[in-house]
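Asker: Annotations per TrEMBL:
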{"type": "BINDING", "residues": "Lys26", "note": "substrate binding site"}
{"type": "ACT_SITE", "residues": "His55", "note": "active site, proton acceptor"}
Amino acid sequence: MCSQTKAAALMANIARADIDPSGVFKYVLIRVHSREVGDDSEIDIVRGYGWAEFHADIYDKVSEELEKGGHLDCECVGGGRIQHDPQDKKIHVYGYSIGFGRANHAVTTEQLKAQYPDYEVTWDNEGY
């Protein structure tokens with residue numbers, strides 16, 4: 001018998017990192033929690049897109065999608081910027097979000113390294 005909750009099953013299928021294929025853009029680090037009683041599972045996901053004028057634009061869109069079924073709850077734990085250079089296979093994470101504060105870039109880079117194993121992924125707390 002499988003005792004995995006609906007929320008845990010949903011989280012297992014969420015991409016840990018989803019960013020634009022190239023450029024410099026804002027990103028947010030989102031903690032996704034289960035809403036189900038007795039299930040304390042959670043994951044951190046990275047979302048970064050050039051279309052976003054504000055960090056909140058990304059968070060609002062992603063959290064609305066993930067919270068739809070009522071099994072998941074989202075919390076933005078910070079933001080920053082990503083510089084993605086696919087030609088040189090480099091990703092650099094830096095900066096902060098005025099609205100959400102600075103994300104833990106070390107967590108962000110770990111998610112990105114898993115998604116882009118052949119890239120050089122770096123971070124620092126400099127810049128905006």
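Any Cβ shown, glycine's included, is placed from N, Cα and C.
A TrEMBL annotation is a machine prediction, not a hand-curated record.
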Asker: Pick from Lys26, His55: which of these recorded positions has the biggest number of other Cβ atoms within 10 Å of its Cβ?
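Answerer: Sorting the candidates by Cβ neighbours within 10 Å, the top entry is His55.
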Asker: If one measures from the C-alpha of Lys26 (substrate binding site) to the C-alpha of His55 (active site, proton acceptor), what distance in angstrom results, rounded to a whole number?
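Answerer: The Cα atom of Lys26 (substrate binding site) is 6 Å away from the Cα atom of His55 (active site, proton acceptor).
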